[in-house]
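Structure record follows, encoded as structure tokens.
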């Protein structure tokens with residue numbers, strides 16, 4: 001019963017709370033259906049009204065934008081129209097600057113109209129045309145004004161800058177404002193400023209600059225006799241020219257700078273000193289003078305012309321004049337400063353001054369050019385104009401300081417190297433006077449001058465700045481390398497054809513080689529110069545020059561030997577001399593060879609050094625004798641008459657051969673060399689022995705042989721002697737006995 005009461009109690013508590021929960025659910029369901037109704041209402045009506053409102057708003061907004069755009073375009077069009085009208089009225093009143101500015105204003109208005117996208121107005125095209133017409137009209141007016149301001153009176157032969165043409169040229173500047181009218185802006189400035197605003201000034205100035213260069217500036221630089229004559233009148237400034245007689249060929253840079261400065265000063269005063277507003281070119285404060293603009297257009301060409309026509313010629317050609325060049329450098333600097341003051345040049349422009357200050361390098365370049373030109377003309381001049389040099393002839397060389405002194409300023413006594421051949425070695429030990437001597441011979445005077453040129457150039461080098469010194473030293477080396485290349489090629493034909501020229505060329509090369517040995521060395525003691533470290537040497541060129549001389553001369557020797565053998569080949573092998581015709585042929589051949597040798601002896605006389613002369617003549621006479629010996633020794637049969645005739649032919653050679661040795665002009669002095677012929681002619685004794693055999697009997701031949709110890713055995717082999725015995729003597733017992741003794 002108690003459990004039941006518990007349940008009932010719980011149940012009675014539960015029922016009301018369940019009841020209230022059910023009420024709550026019913027309330028929620030009611031609320032939900034109300035919300036659904038409301039939602040349907042909103043979706044169906046309010047949303048629709050809202051959409052309509054937004055659409056209306058957007059339309060109104062676009063309408064407003066269109067109206068604003070149209071309004072601004074109309075404003076711009078009105079603006080364009082106004083500026084064009086104002087421009088026209090300003091133009092009528094000759095207020096060029098205002099007119100030009102209005103025109104530019106109209107142009108920018110039009111640009112901003114054209115820049116609107118999706119907005120093409122037919123009218124824009126028409127406006128563009130209108131603007132172009134206005135601009136051209138304005139430019140035409142300004143052009144007319146410009147031509148009134150600046151008047152060129154040029155001679156009919158336009159384009160000619162000859163002296164005659166320039167003297168007739170005039171430049172009139174009507175830029176002086178009349179006294180009575182007190183205009184705020186002088187007409188010049190107005191016209192120029194308006195041109196600047198329209199962007200037309202550049203081309204006008206360019207034309208003006210070109211005329212200025214052609215008829216005024218360049219002629220002043222290239223015609224020393226020309227002078228500018230400025231003339232001021234109340235309403236016009238005139239620049240004329242006059243040519244002075246008796247002017248120098250070249251004017252100094254100082255004079256040229258003065259004339260050009262004068263021209264710029266008057267132009268500055270009457271035309272160029274106009275400040276301009278330069279639209280949008282990012283210049284400082286946008287102000288620029290006409291002088292600056294003109295300078296930018298013509299300075300490069302003008303400075304080029306000044307350098308190449310005027311400064312180049314003023315560069316000195318020897319170092320002693322370099323000192324005076326300071327004057328040119330100063331006046332160049334002054335000239336540039338003056339042009340900068342007139343604002344014609346920018347502050348940092350220094351082309352002219354740089355060139356002038358670089359005088360050392362230009363001096364060296366010019367000097368080298370002159371030296372190489374001189375050297376080349378010496379090398380291509382005639383070889384056969386010669387001078388005689390002797391061991392004691394010192395060529396006209398600059399006096400060099402004594403090597404012992406060390407200090408080149410003291411210049412004690414001239415180096416004894418170039419005189420009498422004695423070399424002072426600084427201590428008292430001396431070489432023989434003839435150690436560094438050249439033998440007496442003849443060389444081309446052009447080569448002597450060439451070596452002098454080298455010495456003087458090196459002397460110049462030692463007095464120059466380091467840079468210049470090195471350049472000049474290289475130049476001297478170039479002279480010699482040039483000789484090596486040019487002479488053998490340029491004179492090739494004559495050196496091959498003419499034995500005398502070959503000999504002179506040989507001497508020339510030896511002479512140069514001789515001087516190259518000491519050339520660099522002599523300048524070492526000028527201690528201040530770069531050459532003093534001993535690197536400045538020419539010794540490496542010596543072997544090449546010796547070879548050059550030798551090869552040329554040996555080639556000539558080969559030609560002469562060839563001719564001798566050629567002549568002897570017509571002697572019918574010296575066989576059967578009892579035949580009159582054969583004998584005549586052989587006799588003629590020998591006479592021709594002697595004639596050839598005599599002629600050579602004459603052309604080389606007094607040209608080749610005596611020892612070279614004797615060796616050369618000796619070698620050629622030797623060729624002839626050796627050939628005759630070979631031919632006769634090869635004969636198989638020699639009759640008694642043959643032997644006599646061969647002997648007489650040989651005697652001609654022995655008697656007349658030595659007489660071709662005439663190395664010296666003085667006849668009596670040549671005797672000595674003619675007596676020494678056996679020294680220079682290798683086969684001389686062989687030839688004499690052959691003559692003895694031709695005249696001897698068997699016993700005499702055997703005696704000459706003397707068991708292989710006699711003079712005959714010195715010159716011939718046993719086989720050759722036996723062969724000759726067989727040819728000369730009949731086959732007898734005595735001959736057999738004699739042959740047996742030759743072994």
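Note: Cβ is positioned from N, Cα and C throughout, glycine not excepted.
Automatic prediction, not curation, is the source of TrEMBL annotations.
Residues or ranges marked as domain 'Centromere/kinetochore protein zw10 N-terminal' in TrEMBL: 2-83. Residues or ranges marked as domain 'Centromere/kinetochore protein zw10 middle' by TrEMBL: 142-379. Under the heading domain 'Centromere/kinetochore protein zw10 C-terminal', TrEMBL lists 436-566. Under the heading domain 'ZW10 C-terminal helical', TrEMBL lists 588-742.
When DSSP labels each residue, the domain 'Centromere/kinetochore protein zw10 C-terminal' (436-566) comes out as 105 helix, 4 strand, 22 coil, counted as helix, strand and coil in that order. Summarised by DSSP class, the composition of the domain 'Centromere/kinetochore protein zw10 N-terminal' (2-83) is 82 helix, 0 strand, 0 coil.
The domain 'Centromere/kinetochore protein zw10 N-terminal' (2-83) scores a mean pLDDT of 80 in the predicted structure.
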